[in-house]
Amino acid sequence: MAQQEAEILRPLANFSPSLWGDQFIKNDSDAKVRYIFHYVDYTNLSMLTATGTKMVDTMNLIDTLERLGVSYHFEHEIEEILQQFFNLNTDYNDEAYDLYTVATHFRLFRQHGHRITCDIFGRWRDENGKFHEGLKDDAKGLLSLYEASYLRTRGETILDEALDFTTASLKSIAPNLESPLRRQVEHALVQQLHWGNPRIEARNFISLYEEYEDKDESLLRFAKLDYNLLQMMHKEELHEVSRWWKELDLVAKLPYARDRVVECFFWAMGVYHEPQYSRARVMLTKTIAMTSIIDDTYDAYGTIEELDIFTEAIERWNVEEMKRLPEYIKPFYKALLELYEQFEEELAKEGRSYATHYAIESLKELVRSYHVEAKWFIQGYLPPFEEYLKNALITCTYCYHTTTSLLGVESAVREDFEWLSKKPKMLVAGLLICRVIDDIATYEVEKDRGQIATGIESYMRDNGATKEEAITKFFEIANDAWKDINEECMRPSPHSRDVLMRILNLERIIDVTYKGNEDGYTQPEKVLKPHIIALFVDPIQI
């Protein structure tokens, strides 16, 4: 067999090994951590509901709770308060409200789906429609407006202009600011709050908040304790999936594929970090890890004949298909079917076994698109951009991962899965962002491997564009898609915030993973390694 393999020309990618080895198979966290959350309390919660507390003070507290990553403890109270405040129809043209306050309130309302108008920023523009130059002296106001502008939707030109103005202004004044404001501005310019992973942002803000002169010491301690408790829970789950991965032994059986189960868990944690989603995180991690194997089989190993057979086997979804498969992929196919059998048994207990049907159908669609992509590569075919994009929106895996992210979410019902299967506007926006950002980050590596059927190459040929022009266009596509996501998160919606937030959070993980045009999943050393250490290795000192 070795001689036969040597005669087969395979498109090997020679991926780097896992950074983590067996590090997370060893688990030293407290197994009772799940129960500690019942006893965690914050004594100053009364500030949220205290009679006579000013709206501005309450909104600032909500903002602080969210930035510190502890707002999930008070989710219902915060939703009720924001609804009450929104119903007040506050006149933000009143001079009593400064830019910092107005922009913060705007962002909080939009983050929670309330359709507040962007016209409230009009009073900070001159007769020519330009933002007042004097605002450059208001660093906090600029930062707040900068963060608010990322909640914009299509047609909100005032927020487009606000983003340009605040970005340039903050870059100009940042070197002259004092910390912690300087650190906060510098971080915001690299990682936008609305696009960031909530846990990463929480860890960063905890260190900033510690430097605030007016910090609430008890709230700070609570945030640190909560962060460490959640970290312990996440480490337990990472231990579970690492052990599962080790027992499958796919790293040894399929050495051509990326060994990234830790990075897969990082993605799942980004979709939902709260304690009640523990099962969902484990299930999603497993589906991402298995998809990664499939991706690499099509992209970096299988011959067209082997992939023809494997595609048919996935389509038929029957253990009997193993007889036809190449030897190397049989253990994986068996493990994949068994995984979904376990999911179905688990979900049947709560009357949700139908969810696995939608996940499997989405996986079949993904594999069909991988197959098309593989044939393009092998045939040296560069499709027109429209043809490329139609297929590539599926191979970015966002559609499949969005579907599987709801498997372990008890509140996700049949109507939610049916909605996703029809590719709604919000999902398509997510697909676009994932696709073009991935294409930008992986272009040079794929080009070096001889891949010509890439989005950048296709767009360049169809439009007579340079690489730089194509990349600029792809970023424009992503920015417009973010506007669509913001619009679809507005109330009213037939779908719960619980479901919508999974789509949004998965998009945030894309932004973090491909930060700086790097493929942080394939090469995690630079981009993801520091985050993984902060989230799953190093606790915060209390």
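Each Cβ is built from the backbone N, Cα and C atoms, and glycine gets one as well.
All protein chains shown were included, and the count of other CB atoms within 10 Å of the CB of D299 (Mg(2+) 1 binding site) stands at 20. Here Swiss-Prot flags D295, D299 as Mg(2+) 1 binding site.
In the shown protein chains, 18 other C-beta atoms lie within 10 A of the C-beta of D295 (Mg(2+) 1 binding site). D295 (Mg(2+) 1 binding site) falls within a helix when secondary structure is assigned with DSSP. The Mg(2+) 2 binding site annotation in Swiss-Prot covers D295, D299.
If you take every residue in the motif 'DDXXD motif' (295-299) and average the pLDDT, you get 97. Sequence annotations record features per position, and here Swiss-Prot assigns motif 'DDXXD motif' to 295-299 based on similarity to another entry.
Around the Cβ of E446 (Mg(2+) 3 binding site), the same chain contributes T454, each under 8 angstroms and 6 or more positions distant in sequence. Annotation source Swiss-Prot lists Mg(2+) 3 binding site at D438, E446, citing similarity to another entry.
Each residue contributes its Cα atom, and for D438 (Mg(2+) 3 binding site) and D299 (Mg(2+) 1 binding site) those atoms are 15 Å apart. Counting residues 6+ beyond its ends, the motif 'DDXXD motif' (295-299) has Cβ neighbours under 8 Å at 11, 13, 15, 254, 256-258, 307, 310, 329, 332, 367, 370-371, 373-374, 377, 395, 397 in the same chain.
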